[in-house]
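All remarks here apply to the structure that follows.
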């Protein structure tokens with residue numbers, strides 16, 4: 001055959017011919033692998049080399065002993081133990097070489113089900129109040145403080161010249177504490193003492209009356225400290241602090257005859273917000289002058305009278321500041337809310353004087369409350385929303401909006417255990433919300449037999 005000639009094999013030219021191989025690509029496409037059953041080549045990746053070494057190095061007497069134990073009808077306990085141990089360790093097989101991959105393990109072969117992740121139960125936030133009461137004659141005045149809930153579960157509410165007491169006992173019993181004369185009234189503020197029995201009542205006449213709620217008896221009348229109506233009251237042990245329309249803040253020790261122990265000057269407008277810290281060392285005051293003052297009791301007591309100075313003065317709000325609340329789980333953290341021209345909730349470090357955060361709520365902030373049992377904040381609002389808003393701290397993500405009031409929600413008061421909140425609004429209604437969870441306290445029962453079943457207070461109040 002010539003060098004330049006070509007030959008064919010079965011009609012196919014030898015030029016460019018390449019014999020087929022099962023693992024080489026054809027026309028650029030890889031040939032899929034197929035198990036070759038004709039050749040017994042072990043698959044090393046599927047072999048157990050530890051077992052193979054054991055089988056190959058095991059002595060002949062050991063193997064004979066194992067075979068005898070297997071064939072015997074009554075094997076010894078030692079041989080039976082060795083057989084069970086070999087089975088448990090997977091050593092009771094004889095094949096060393098592996099020609100196929102092991103099948104995937106069956107899912108049901110698990111000895112125990114996989115542990116389920118614990119999912120935290122989400123708390124249900126009610127969007128409707130548990131109970132609603134009427135408040136005829138309720139004063140629509142942003143600067144007053146007419147609602148408070150005592151440590152013994154009695155709620156006080158002022159309607160014009162009268163202070164009423166409401167208790168959840170017996171399905172919601174009501175009573176009248178006092179009706180002041182027209183020269184002294186109307187009532188401008190109420191605040192329970194820590195014992196839950198005495199209650200301070202601030203009046204338009206600048207007087208403060210101290211009442212015993214158990215006997216409906218007037219204990220004493222505090223006079224001469226203010227020149228006009230008493231807008232805010234707050235207790236710190238036996239010390240009663242009052243804020244007036246005259247811009248004055250007065251501390252009285254109700255155990256002493258002289259009573260007045262300290263005067264704090266700073267505000268140039270009505271003092272409509274007062275809150276003592278849980279430690280009793282710092283007092284926060286808010287006023288119509290758009291200012292917040294932090295007073296240190298120990299520092300002020302060491303200074304001469306009429307020279308008391310504040311620890312901090314915050315000027316960031318652009319409207320009246322009535323809403324104040326100290327954080328129950330973080331020391332020196334104060335929350336404040338601004339009025340209609342501000343509409344912000346701000347957080348302050350009263351140790352350094354720094355503003356930590358400011359949140360725009362788009363409506364007048366009338367009051368703020370911390371959840372005693374969690375990192376949540378509740379705020380009540382006026383124009384334009386007229387609702388309650390629940391916030392997650394510290395992200396300040398809005399968790400829920402509680403609607404139902406048709407006018408600005410001026411006051412809020414928490415129950416003693418912190419699970420329920422009462423809100424009073426200018427729509428002349430009082431609503432009870434179980435917004436902070438259920439802590440195994442009795443719920444307010446509905447009035448079963450009509451308005452007269454709850455006593456004479458129900459004539460004015462219960463819907």
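Here the Cβ of each residue, glycine as well, is placed from N, Cα and C on the backbone.
Annotation comment: TrEMBL describes 1-10 (among others) as compositional bias 'Polar residues'.
Sequence annotations record features per position, and here TrEMBL assigns region 'Disordered' to 1-20 (among others).
Here TrEMBL flags 58-79 (among others) as region 'Disordered'.
Look at TrEMBL and you will find 104-127 (among others) tagged as region 'Disordered'.
The annotation compositional bias 'Basic residues' is assigned in TrEMBL to 116-126.
As annotated by TrEMBL, domain 'CDC20/Fizzy WD40' applies to 133-433.
Residues or ranges marked as repeat 'WD' by TrEMBL: 180-221 (among others). Long-range contacts of the repeat 'WD' (180-221) within the same chain: residues 139, 144-154, 156-158, 160-163, 165, 227-235, 237, 240, 242, 244, 254, 416, each at least 6 residues beyond the stretch ends and with a Cβ under 8 Å from a Cβ of the stretch.
Confidence across the repeat 'WD' (264-305), taken as the mean pLDDT and rounded to a whole number, stands at 89. Under the heading repeat 'WD', TrEMBL lists 264-305 (among others).
What TrEMBL records for 402-435 (among others) is repeat 'WD'.
Here TrEMBL flags 441-463 (among others) as region 'Disordered'.
The feature compositional bias 'Polar residues' is assigned by TrEMBL to 448-457 (among others).
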Cβ contacts under 8 Å made by the repeat 'WD' (264-305) with residues that lie 6+ beyond its boundaries: 142-145, 231-237, 241-245, 247-251, 311-315, 317-326, 328, 331-332, 334, 336, 338, 342, 348, 350, 353
Counts by DSSP class (helix H/G/I, strand E/B, coil) across the repeat 'WD' (402-435): 0 helix, 17 strand, 17 coil
